[in-house]
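Below is one structure, written out as structure tokens; the observations come after it.
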Amino acid sequence: MPDEMSRPLVPGWRESGGSRQLEASLSDPNTPTIGILGTGDFSRSLARRLVASGYQVVVGSRSPARSVALFPEEVEVSSQMEAATQADVVFVAVFPEHHSTLVTLKSALAGKTLVDVSNSLGINRDGPSYAEHLSNLFPDSFVVKGFNTLSAWTLQMGPRHGIRQVPLCGNSSKAKDLVKHICHRMGFIPVDMGFLSSSLEVENLPHHLFPSWRIPVLCMLCLFIFFYLYNFIQEVIHPLVKTGKGAFYKMPIEVVNASLPSVALVMLALVYLPGLFAAFIQLQWGTKYKRFPDWLDRWLTARKQFGLCSFLCAVTHAVYSLSLPLRKSARYKLSNMAYQQVKAGVEDSWNDEEVWRMELYVSAGIMALGLLSLLAVTSLPSVANTLNWREFTFIQSSLGFCALVTATAHTLIFGWNRAFAAARYPFYLPPSFVLVLILPCFVLCGRLALLLPCVAGRLWKIRRGWERSRQIRFALPGEDCRNGVEDVSNV
């Protein structure tokens, strides 16, 4: 089977005098010749994408005869000096520790744009960046940092199957504009990150491991460990101490299933709690032109991750609940209960209260899971981009609070009157469904407080620009009012 990389990507290429170039009908005098220094996987994929975008590409190699078979026929493979001389824009695709070996090309690269695509082995917090080091080695060239966030697979498959945004930075606006044009022509979206001093941040981007997920995931894990141990004490340790019979078989499913909804409800409450804090802080300050504390800023920006973690726990809880009747222990309990009823002569064990309780809390749980699914789907960028701001806020705010109310009702109905039974307090510890209701009820009460007309009106004015410390008051539009704001500066 022929190598896929050897198939012509742009028709009309021909060889003339031992070099490969475009036919005159396809040539454009304004299109720069692209040079690539390096013959690795990234260079190979980059060359293929550039050729598919209509560029003439020349690759510089220390061993051209050995490397020519690695690239498509449309790419010219020559020595590094020849590539540096012919190219207008040069992609430096060699490992950063080998940048010093390119110093011999300094005269050939003078006045040209160098694109540094290298990455460090880990997060570099101290600097300097590799792009800055390359700029020091070639002071007469214009260094642009970019394309380091793309993988060879993304370049090979194209932007439709990978990342579209490409961060770029450099000190020369002309060089950046040239690289932006190349980026656009390749099908990617360039993002200007400023001067070359930002290159350290750009180089560290590929090494970040879910930075916005760390606090939500850590919070979810801590809550799960807490509720798991709490339910373990109540469901396993207490029967062992009281009757001497161990119930350790409950650990894999029952204890986990009792912990997951608690985590899901608390995580959902944590999605809307920072919004309440922000609203009350603005009411206290009497202005919106003041920064929130750093911890609140980070919390507000992580609400999406908190919500998705809540959705994960809720879905897992639903799967665990469906598997409860499939367990061997559940079958034994059911058969024993039936035997005890026959032995006691009980013909009808129907209990209207228990039947209604289960019907209601299962229905509320299904509704809450459905609303959470809608919130999770609309948080996807591909879906959120199709919604306007009012639609997005309606789903994420109004329906989000409906999901919190429904999930809280699911827990309340599940508890029913069992929260008042003394047998439900082993070691004088309240049931987990009582403990978990504290934070959601607090959030819902805070939301109701913000809906009071006196509070909602003041908050609306603050978010429209009103400040308590200035002599401006809101009024209905009229002859003396503009945009609903009355000028009382003469007061």
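Glycine is no exception: its Cβ is also placed from the backbone N, Cα and C atoms.
Database features (TrEMBL):
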REGION    1-29  region 'Disordered'
COMPBIAS  18-29  compositional bias 'Polar residues'
DOMAIN    33-119  domain 'Pyrroline-5-carboxylate reductase catalytic N-terminal'
TRANSMEM  215-233  transmembrane segment
DOMAIN    263-406  domain 'Ferric oxidoreductase'
TRANSMEM  263-285  transmembrane segment
TRANSMEM  306-326  transmembrane segment
TRANSMEM  360-380  transmembrane segment
TRANSMEM  392-413  transmembrane segment
TRANSMEM  433-460  transmembrane segment
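Residues 216-217, 219-220, 224, 253-254, 256-257, 260-261, 263-265, 267-268, 270-271, 365, 368-369, 372-373, 375-376, 379, 400, 407 of the same chain sit 6 or more residues outside the transmembrane segment (306-326) yet have a Cβ under 8 Å from a Cβ within it. Counting residues of the domain 'Pyrroline-5-carboxylate reductase catalytic N-terminal' (33-119) by DSSP class, helix then strand then coil, yields 40 helix, 21 strand, 26 coil.
Sequence-distant contacts of the transmembrane segment (215-233) (same chain, six or more residues past either end, CB-CB distance under 8 Å): 251, 255-256, 258-260, 262-263, 266-267, 270, 298-299, 302, 305-306, 308-309, 312-313, 426-427, 429, 432, 435-436. In the predicted model, the domain 'Ferric oxidoreductase' (263-406) shows an average pLDDT of 91. For the domain 'Ferric oxidoreductase' (263-406), the number of residues in each DSSP class (helix H, G, I; strand E, B; coil) is 121 helix, 0 strand, 23 coil.
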